[in-house]
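Here is the structure we will look at, set down as C-alpha cells.
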Amino acid sequence: MASIDPYQHIIVEHQYSHRFTVTVIKATNVTKGTFGDMLDTPDPYVELYISSAPDSRKRTKHFNNNINPVWNETFEFILDPNQDNVLEITLMDANYVMDESLGTTTFPISSVKPGEKKQVPFTFNKVTEMILEFLLEVCSSTDLRFSMALCDQEKFFRQKRKNQVINGLRKLLGPEKTKDLNPTSRDVPVIAVLGSGGGFRAMIGFSGVMKALFESGVLDCVTYIAGLSGSTWYMSALYSHADFPNKGPKEINKELMNNVSHNPLLLLTPQKVKRYIEALWKKKSSGQPVTFTDIFAMLIGETLIKDRMNRKLSHMQEKISHGQCPLPLFTCLHVKPDVSELMFADWVEFSPYEIGMAKYGTFMPPDHFGSKFFMGTVIKKYEENPLHFLMGVWGSAFSILINRVLGVSTNNQGSTMEEEIENLKPKHILGNDSSDSDDEMQEPKGTENSKAEEEYQRNNQASWVQRMLMALLGDSALFNTREGRAGKVHNFMLGLNLNTSYPYSPLSGLCTQQSMEEDEFDAAVADPDEFEQIYEPLDVKSKKIHIVDSGLTFNLPYPLILRPQRGVDLIISFDFSARPSDSSPPFKELLLAEKWARMNKLPFPKIDPHVFDREGLKECYIFKPKNPSVEKDCPTVIHFVLANLQFRNFKAPGVPRETAEEKEFADFDIFDDPETPFSTFNFQYPNEAFKRLHDLMEFNTLNNINVIKQAMVESIEYRKQHPSRCSVSLNDVEARKLLHKDSQSKFQM
C-alpha cells in the first residue's frame with residue numbers, strides 16, 4: 001500500500017520530455033573563403049541553438065589555426081516533444097575583435113526517433129564537412145515529485161516521531177490518561193505549533209514560547225512547528241545551531257539576545273559590503289536571479305547566524321532523522337507581478353526534506369530549489385541555496401521596505417508596516433524586470449572574443465557593483481520606489497501542463513453546506529477582493545517566479561498545517577501580528593486563515609470574533625468544532641495573542657511580583673508605547689526590551705499549560721473514537737478520472 005500514491009496526476013498533468021544529446025565530433029576543410037584564408041587561418045568553433053529549448057544555446061571550445069578540428073564535445077537539451085524542435089548549427093570563427101559566422105544550417109529533430117542514435121554529416125560553403133551525432137531519449141523520470149501525498153522521508157519521520165510523542169504525552173499527562181497509547185495505535189494525536197510574522201518582535205516572542213514549550217515538556221508532544229516571516233528566523237537560528245537540541249532554547253536565546261542588541265547599520269561597513277557584493281555578483285554571473293532580497297538575506301544572516309552562514313536547509317535533517325525534534329516547516333508566497341497578494345498567492349512550503357507547492361502537487365529536494373527546470377527535469381543545477389538566503393525570502397517584506405529597517409528617511413512612510421504594504425503596488429515590489437529574461441552571460445553570434453569579453457565583464461561587474469553599493473548606501477531609486485526587492489528564482493514548473501486548477505485539498509465533503517452558509521463564506525475580512533483569484537494557476541511559461549513574505553497575504557502559516565495528509569488534530573498558534581493598540585481585537589489574521597481554509601475545502605473551527613466583546617482581551621482563546629461528529633476532521637485551535645495581562649503582576653504562574661524593580665520591569669505596553677520599542681521595523685533590541693518580550697511570551701505560554709494539556713487529553717479521546725482521521729477512499733478524490741485504471745485498482749485493494 002505504501003507504494004500507491006492516491007493523489008498522483010491530480011493537479012499536474014504528468015508529461016514526459018525528451019533529452020536530445022548532440023555530440024559535435026569534428027569538421028574538415030574549414031574555410032573562410034579563398035581571400036579570407038589568405039589573410040588568416042580559421043579558429044573554428046560550433047554554436048548549437050534550439051529556440052524551443054529553455055537552455056537554448058550551447059557552444060564548443062575554439063581551436064586556433066586549425067582547419068580540421070576534432071571536438072568530441074557533447075551537449076544536452078531538454079525538449080517538449082509536442083513542439084516543433086529545430087536545431088540550428090552555426091560554424092564560427094573566433095577573432096580578436098569580433099567573431100565571424102562561417103555558415104549556418106538547420107536540422108529537424110523530429111527526424112530522430114526516440115532511442116535512436118545516428119551520425120549526420122553537414123556541409124558548409126560546399127567544401128567544409130562537419131560530423132554530428134544525435135541521440136533522442138524519453139525522460140521517463142523527473143526531478144520533481146508530482147503528488148499531493150507526503151514524501152517518504154516525512155512519512156518515516158512521522159513514525160519515528162510518534163514514539164517520541166507517546167513518551168512525551170505520558171510524562172506530561174500521566175499514565176492514566178495515556179495508558180492505551182502505543183506506536184501501532186492510531187489514537188496518538190498530531191499536534192502542531194505555529195508562529196506568525198512580525199519581524200524581530202515575532203522572533204523574540206517565539207523564542208520565549210519555545211523555551212516554555214521545551215522546558216514544560218509540551219514540545220516533546222509536538223510533531224510539527226510551522227513558522228512565517230519573523231518566526232522562521234527564530235526557527236532557523238534554533239535548528240541550525242550545532243548544540244540543539246542537546247542545548248535548549250534557554251542558552252541559545254541568550255546568544256540571540258546578544259546578536260540583536262547591535263545596530264544593523266554596523267553590517268554596512270565597506271569591507272562587509274564588498275564581501276556581500278562579490279557573493280552576489282558570483283551568483284548573478286552563474287545565471288541565477290539576484291534582487292534586493294539577496295542583500296537583505298545577507299544582513300539578516302550576519303545578524304542571526306553569523307557563525308554558520310554556510311548552513312543549508314537540508315542540514316536540518318540531522319536534527320529530525322530519528323524523530324528527536326518536531327519537523328520544522330517554513331513558508332513564502334509565489335505572487336504575480338500584476339495582481340495583489342491578497343487576491344492571488346500560491347503558498348510555497350519548505351521543509352528539510354522537500355520544497356514545493358501543495359496546490360499543484362509539485363515538490364523537489366531542497367538542493368534543487370533555484371535550479372533551472374523544464375517539464376519537471378533539472379536542466380541546470382546550482383548549489384543548494386544557503387539558509388540565510390531562504391531567511392531573506394521568508395521575511396522579504398522587510399527587504400521590500402528596507403528603508404524603514406535601516407532607518408533611511410523617506411517622504412512617504414506609513415505609521416505601521418500594514419499601512420506601508422497597503423500603499424505598495426505589485427509592480428513596485430516586483431519592478432519591471434522581465435521574468436523571461438536569462439541571466440547567463442551568453443555569447444550571441446558576433447560577440448567579442450574571450451579577452452575582449454573578459455574586459456567587458458570586468459566593466460559590467462564594476463558598474464553593477466557600483467549600482468548595488470549606491471543602493472545599499474541609500475543614494476538610489478531603490479530606496480524610494482521599492483522596485484526589484486522581491487525574491488526571484490527560476491520557475492521549477494516551467495513547461496508543465498496545468499489543464500485544470502483544483503482547490504488546495506484533494507478531498508471533497510470536508511465542510512458541510514450548512515457550515516459554509518453559517519460561516520458567511522464570502523464575507524470580507526480585510527479587503528473586498530481578498531482571495532479572489534486563489535484558484536488561478538501559475539504561469540508555466542514564465543522562466544522565473546517571484547517569491548515574497550507570506551505575511552503579505554495573511555500572517556499565520558496555517559496552509560502548511562492544514563494539508564489533509566498531515567492530519568493535525570491540535571494547533572497551538574502564536575500570533576505576534578501588529579495591532580492598532582493593545583486593546584484592539586486580535587483575530588484579523590486568524591479570520592483570514594479561516595476564510596482561506598473554507599475556500600479550499602479544509603476543515604477549520606468557526607472563529608467567533610464576538611468572543612472578544614464577551615470575554616475581553618485574553619492571553620489565549622480556544623476554538624473547537626461545534627459538532628465534532630459532523631466536522632470529524634476539524635482540528636482544535638488554541639490561539640495565543642500578544643498581550644501583557646497577568647504578567648504585570650506575576651513573574652511566574654502563581655508567583656506574585658514583590659519588589660518595585662520587578663513590577664517596573666513588567667509594566668509596559670506593546671503597541672501603545674509612544675517610543676515603539678516593539679515596532680515591526682525595529683531591528684535592534686536592547687537587552688531589557690528583549691527580556692521583556694521574551695519573558696512575557698514565556699509566561700503567557702506557561703500560564704496556560706493546563707489549557708494545552710486539557711486539549712491534548714481531548715484530542716486523544718477524539719482519536720479513540722475516530723482513529724482513521726485522514727482515511728481517504730477513491731470516491732473522495734476529486735478528478736479521480738485522471739488516475740490510471742491500474743492505479744485505481746491497486747488503491748482500492
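The chain as shown is numbered from 1 upward.
Keep in mind that glycine also has a Cβ here, set from the backbone N, Cα and C atoms.
Listed in Swiss-Prot for this protein:
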- 1-124: domain 'C2' (DOMAIN)
- 1-178: region 'Phospholipid binding' (REGION)
- Asp40, Asp43, Asp93, Ala94, Asn95: Ca(2+) 2 binding site (BINDING)
- Asp40, Thr41, Asp43, Asn65: Ca(2+) 1 binding site (BINDING)
- 138-740: domain 'PLA2c' (DOMAIN)
- Ser229: active site, nucleophile (ACT_SITE)
- 417-458: region 'Disordered' (REGION)
- 442-457: compositional bias 'Basic and acidic residues' (COMPBIAS)
- Asp549: active site, proton acceptor (ACT_SITE)
DSSP state at Asp40 (Ca(2+) 2 binding site), helix/strand/coil: coil
Lowest local Cβ density (other Cβ within 10 Å) among binding-site residues: Thr41, Asn65, Asn95: Asn65
Separation of alpha carbons, Asp40 (Ca(2+) 2 binding site) and Asp549 (active site, proton acceptor) (Å): 58
Spatial separation of Thr41 (Ca(2+) 1 binding site) from Asp93 (Ca(2+) 2 binding site) - C-alpha basis, Å: 9
Three-state secondary structure, Asn65 (Ca(2+) 1 binding site) (per DSSP): coil
Candidates Asp40, Asp43, Asn95 (binding-site residues) with Cα within 10 Å of Asn65 (Ca(2+) 1 binding site): Asp40, Asp43
Greatest C-beta neighbour count within 10 angstroms, which of the recorded positions Asp40, Asp43, Asp93, Asp549: Asp549
Distance [Cα-Cα, Å, rounded] between Ala94 (Ca(2+) 2 binding site) and Ser229 (active site, nucleophile): 51
Residue pair Asn95 (Ca(2+) 2 binding site), the residue listed as 'active site, nucleophile' - Cα distance, angstrom, rounded: 52
Which listed residue (Ala94, Ser229) has most other Cβ within 10 Å, given these are recorded positions: Ser229
For the region 'Phospholipid binding' (1-178), the mean pLDDT of the predicted model: 90
Secondary-structure category, per DSSP, in which the residue listed as 'active site, nucleophile' falls: coil
Secondary structure of Asn95 (Ca(2+) 2 binding site) (DSSP, helix/strand/coil): coil
Rounded inter-Cα distance in Å - Ser229 (active site, nucleophile), Asp40 (Ca(2+) 2 binding site): 62
